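Notes for the one structure printed next.
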Amino acid sequence: MTPMTPNGATPVGAALAEEAAFEKPVSRGEPILEVRDLVKHFPLTRGVVFKKQVGAVKAVDGVSFDLMQGETLGIVGESGCGKSTLAKVLMNLEPATAGSVRYKGEEISHLTGSALKAVRRNIQMVFQDPYTSLNPRMTVGDIIGEPYEIHPEVAPKGDRRKAVQDLLDVVGLNPEYINRYPHQFSGGQRQRIGIARGLALKPEIIICDEPVSALDVSVQAQVINLLEKLQNEFNLSYMFIAHDLSIVRHISDRVGVMYLGRIVEIGTDEEIYEHPTHPYTQALLSAVPVPDPVARESRDRIVLVGDVPSPANPPSGCRFRTRCWKAQEKCAQEVPALTVREWLEGPAAHDSACHFAAERENGQ
Amino acid sequence: MPEHDLPDDHDPLRHIQPTDSDHLDYVGQQGLAVEQDTLIEPDVIKREEARSLWGHAWRDLRRRPIFIVSTLLIILLLLMAIWPGLFTDANPRQADLAHDFLRKPDYTDFFGAGWFGYDGQGRSVYARVIYGARASITVGICVTLAVVIVGGLAGMVAGYFGGWSDAVISRIIDIFFGIPLLLGALVLLNAFSVRTVWSVVVALAFLGWTQLARVMRGSVLTIKQSDYVVAGRALGAGTGRLMFRHILPNAVAPVIVVATISLGGYITAEATLSFLGIGLQDPTISWGVDISSAQKFIRTAPFVLFFPAAALSLTVLAFIMMGDAVRDALDPKLR
Amino acid sequence: MTTQVGSTMPVHEEPYSGPLLDVRDLHVEFKTRDGVARAVNGVNYSVSAGETLAVLGESGSGKSVTAQAIMGILDMPPARIPQGEILFRGKDMLTMGREERRQIRGQRIAMIFQDALSSLNPVLTVGYQLGEMYRAHHGTDRKEAKAKAIELMERVRIPAAAERVGDYPHQFSGGMRQRIMIAMALALEPDLIIADEPTTALDVTVQAQVMDLLAELQSEYHMGLILITHDLGVVADVADKIAVMYAGRIVETAPVHDLYAAPAHPYTRGLLDSIPRLDQKGQELYAIKGLPPNLMRIPPGCAFNPRCPRAQEICRREVPRLFEVTGDNDSPVPGRGSACFFWKETLHDADDA
């Protein structure tokens, strides 16, 4: 397989990705989730009884991407960039303000009732905080078995206990723990329980919202490995949201970078990490601390000035322009489209929302 | 530095590469190598098996002296309320002014009619203290039950659905919040021509439910935001399941605590109303009524006042202590 | 381990050549409902002026508890220090008088916390809180204190300091608040700063700015810095030497370059190996199996033995002391130690890899 960019361009020189393809022989490349111009605004209101809208927090403001069958799409960005809201809107936990989400070609963003329930079987979520995402009053068996109670057609009543124990086994927990309560487990084990719950309905897509950021370093790797194994085993498509760039690179086939509610750059992991063309991606990558003291003298770090503007009142034109060293008049007037710039070649030719997209000259 | 006595070429790490799975000590049936929690000893697992948070709270409560004392007291009070005959043979309504008018207590007469002396109408104070428990306990428990059900439901609806239902219920709560419990009850009870235990219950419950509704609403609002409720929604769970399986069991703890503590408050309120002559009336036997009629003998026969008052204080104390103990046991911060 | 010559120097201010802070065999335990949790079990480390020591560990490793013990901000009870010494310029802070200790902890050692918002008083302006340090300790008057506050804010590079001095903490962004915390720590020009996960709550781009600032100020003032973190990346960027903690003990100490080049403890090695690397794309990540131990039931012997790929009989039986680690020519590497019976094998294994 070759990971594809939304417009169908094939990336060049993705040697590592090809190697990974050996392990993932499933028919891929078909988009399973198509997101177009997705918008989520949270109204800002004033008044208690007679509410008056005075503005809106533009948490997600025109996001488009495709999630391919069997791939992992990483979404990175700093806090407040809208990546978690994006996950909630895709899960139909928050209604979209505008835009479309198509699952296997079918519009799902405005579904309700039983149609929505049917879609939920196929799109599941793993939450960030394993300490708050499990109901403390329910046993592990009840938590993982609940999906079957809500969707009885998935597992007949008599088989449920067995199904739950199988799931525990799949995620690496002792099936005998079925009667224990969440507080008797450590963070990593709880996250496994959360993953088992997400798997129960045999979904095709799992949205992982910072699934390891609350875990200890030594446990993070265990959970990442588990997620990768499950992906191979069950042919899952992942949307992997995180702020840890090295983990995202490890697990993702493609990566999208978000800033203030928009995707500023998207491409294969190779394209984004080795040949970033958007200034924000470049700054973000240069700031990641590298666990190698030898490199610390030679690093060429871009230090961004100022703070992220408020999503209630984002800058005109390019949203990054207030902190960008390349910013010019054009950036304030024209919103840069997320496309391939014609002057770029090779791996640098991928979608980037910058009028002056270019690779960094010194170093990478 | 000292050498340890192992050969240098002994190198267990050598054959372990990051991608190997042989360092994982448990291989699941699905063929996925997985790691087991090797650090909890088996006996610990057995001992901790299937212990819910409530189970933890219960185990914790049983070790608290304050809980044991208050529970014993409350059991005693309940027995007095249900079977007063267990404690005394005397008839609390039998009056003999000629012999027993304000007769002093005979402290050697254990559990006898004259143990606590006789009141201004020649009735056994001990028997009246025993029989008086029923009115107080009935009012306390019934008001609390009514308040928990009504207030709990209202709070739940307001917290869960939000929007208009929340606006309406919250405004009602605010209005009630401005009415002092006793003053309101005074006004309400005046409307009843015959005042029984039940009219007192209705009046107090009518004024008291808002407190529980507030607590429940706040609790539901917090729980509603939590990830496990969101996870339930993501699975497609309906309103009923979310409310009663996810939110209610987690939101109910503070309600129980507040209810237990306020139970004592309702008992005091009943006694106060009866004392003021607007609550229960003779012939209903109530500590409040007895305290009220004893006040004119406070100089000559203070014991007539003392025993029902002491019984009242002890009862209220028992419920407040129990509420305190339950709160401590349920407080997750102390876990 | 880092036993220092010269730490028996006379107590008083004047010329003092030993380490600024020397923690010796420190133990801290917490009494809980379910038993005694041994959070710190014999920690030794030292910092000299101008030096950055990174204390690396996961949650429950005792890294923060050690710092809190140094700062004297442990709640006692439930905490207890049954054993150990905390020497500041050669003088034990655990045995000195309350007033003397207060002097040191307020003025000579300062601490920066992870969560700047909850460490600042929300109802007082930032300028007031900064100025208060001068008023309380030097009796500076109000006007001068404000000037000093602005100066401090400029020093930590808060833009438009003079205008923002009257703002409240919530009006600043996370990164700016952390700068204010740093300014507060700097106010009295301490000899030592303890930074407990100073950048964990911050975004990557801001993290880099704050770490740079901290490192710069440290060298400018020639302070000692103890950086407590779980992030191997942050450590690599700023530390001079590293102490790795696990289950309340130091399992490895090393100069920063040595540690990353060749760890001498299987735990450190596991941590380094579990970082996703470029050449491992598409492969399984190395993962340390199992879980960090429950501090109420620390396994006998080496606390890491149930998770260790190299564990032998001796590891389950005996607690390894911190062995001196020798380099290629068998000469000891200064400041390097490993609490593993098989440090040599671990070290050489890393060379092979």
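Even glycines carry a Cβ here, placed using N, Cα and C.
Since this is a predicted model, take the numbers as computed values, not measurements.
Now, the feature entries from TrEMBL:
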TRANSMEM  B:66-86  transmembrane segment
DOMAIN    B:133-323  domain 'ABC transmembrane type-1'
TRANSMEM  B:137-161  transmembrane segment
TRANSMEM  B:173-192  transmembrane segment
TRANSMEM  B:198-216  transmembrane segment
TRANSMEM  B:247-267  transmembrane segment
TRANSMEM  B:303-326  transmembrane segment
Notebook entry, point to check: Are there 3 or more C-beta pairs under 8 Å linking the transmembrane segment (B:66-86) with the transmembrane segment (B:303-326), counting only pairs at least 6 apart in sequence?
Noted result: yes
Next item on the list: Compare B:66-86, B:137-161, B:173-192, B:247-267 by their Cβ pairs under 8 Å to the transmembrane segment (B:198-216) and return the stretch that comes out on top.
Entry: B:137-161
Next item on the list: Using a Cβ cut-off of under 8 Å, list the residues of the same chain at least 6 residues beyond the transmembrane segment (B:173-192) that approach it.
Entry: 154, 199-200, 203-204, 206-210, 213-214, 217, 265, 269, 272-273, 276, 278-279
Next item on the list: Could you give the residue numbers and ranges of same-chain residues that sit at least 6 residues beyond the transmembrane segment (B:66-86) on either side and whose C-beta is under 8 angstroms from one of its C-beta atoms?
Entry: 127, 130-131, 133-134, 136-138, 314-315, 317-319, 321-322, 324-326, 329
